[in-house]
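Read through the structure below, which is laid out as structure tokens, and then see the notes.
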Amino acid sequence: MPDRFALNKTDLWSRRHLLKVGLAGAGVVGGAIALRTMWQPRSHSVHIPASPDQATVEPQGFTPLKTLRQFDYGTVTTENGRTVREFRVEAQTTTVQLNSATSFITWNLNGQVPGPTFRATEGDRIRVIFYNRAGHSHSLHFHGVHESRMDGIKPVRNGSVFIYEFDAEPFGVHLYHCHVAPVARHIGKGLYGMFIVDPPTPRPPADEMVLIMAGYDVNGDHKNELYAFNGMPHYYMKHPITIQKDQLVRLYVLNMIEFDPVATFHLHANLFQVYRTGRHLQPDDETDVITMGTAERHILEFSYRHPGKFMFHPHQDPIAEAGCMGYFNVVDRATT
Ligand SMILES: [Cu+2]
């Protein structure tokens, strides 16, 4: 991207400034035809059981439930007959209380760790307007296929904007993260998220959810002292994820743990179909433990025959016991 897109203004979101850099005509600020589709559920034919636990908002200001079932489809416009999805994200610095004894300064997108789950269909044009207000240089490096200048390895200075634009390809489960060195530190402080590219023919309806595993090095010793699914240690132990008996669950799972070479994902009392990197429409494997290196991700599909509470966690048990562990609460529809 040319340097003219690197700005140093405080009101960069204003239409006036976007016009100045010549982006309004390209649909950057949207228009009458723009359709905001943030947080839409993927399918209306799926029953998501209500759960009193899931209404809980953690006092520290962000909640893992935002990551679990919310997908950001961007602001949709059509340019030259083609779907363009525009996402606006702001890098911020936010202090989060990870537990009663540990507060932690995160670097994050839009005040949430993990960042929003961007979602598109293969072939869409993606435009990510990245405004860095976090106080340090950061960047957004997307996995997937794109040209070199969109690869996100060039730091974006604090107070500047960079616009990443590329095609959503290939379909599958991808991710994005800051690529400023030391990368483990920038990821460990929260600058990462999932990027889902749906196949042109959608997958069958399912209760879709995102679980991202990550670690927190809270004392700077290059080891993780705490771990979490979707940002908050032990959250889904205290707030089990309610799911419907006999209904297909489609889990988009990502290992974003730095410093530990691998983590597994294990599901209790069940097996799941594995779609490696989400790259195929037929499962590659069926198991109950899958091993993932850092940045590996898959689609896992399963349903439960029996009601009750069932754990999920990495089988590296110290990782699980330091916060990366949770429950599914399987309920009959009649009881919800
Ligand atoms: Cu960074």
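Placement of Cβ uses the backbone N, Cα and C atoms for every residue, glycine included.
A TrEMBL annotation is a machine prediction, not a hand-curated record.
As annotated by TrEMBL, Cu cation 2 binding site applies to H138. The DSSP secondary structure for H138 (Cu cation 2 binding site) is strand. A simple way to gauge crowding: the CB of H138 (Cu cation 2 binding site) has 26 other CB atoms within 10 angstroms, across all the protein chains here.
The Cu cation 1 binding site annotation in TrEMBL covers H143, H177, C178, H186. Long-range C-beta contacts of C178 (Cu cation 1 binding site), restricted to its own chain and to partners at least six residues apart, with a cutoff below 8 Å, comprise A91, W107, H138, S139, L140, H141, H186, I187, L191, Y192.
Taken as a whole, the domain 'Plastocyanin-like' (92-200) shows an average pLDDT of 97 in this prediction. Taken from TrEMBL, the feature domain 'Plastocyanin-like' covers 92-200 (among others).
The domain 'Plastocyanin-like' feature in TrEMBL is assigned to 219-331 (among others).
Summarised by DSSP class, the composition of the domain 'Plastocyanin-like' (219-331) is 9 helix, 53 strand, 51 coil. Residue counts for the domain 'Plastocyanin-like' (92-200) under DSSP (helix as H, G, I; strand as E, B; rest coil) come to 9 helix, 53 strand, 47 coil.
H143 (Cu cation 1 binding site): 17 other CB atoms within 10 A of its CB, across all protein chains. Proximity to ligand 1 at the level of Cβ atoms, with a cut-off under 6 angstroms, picks out H138, C178, H186 from the binding-site residues H138, H143, H177, C178, H186. When Cβ atoms from all protein chains are considered, those within 10 Å of H186 (Cu cation 1 binding site) total 23, not counting its own.
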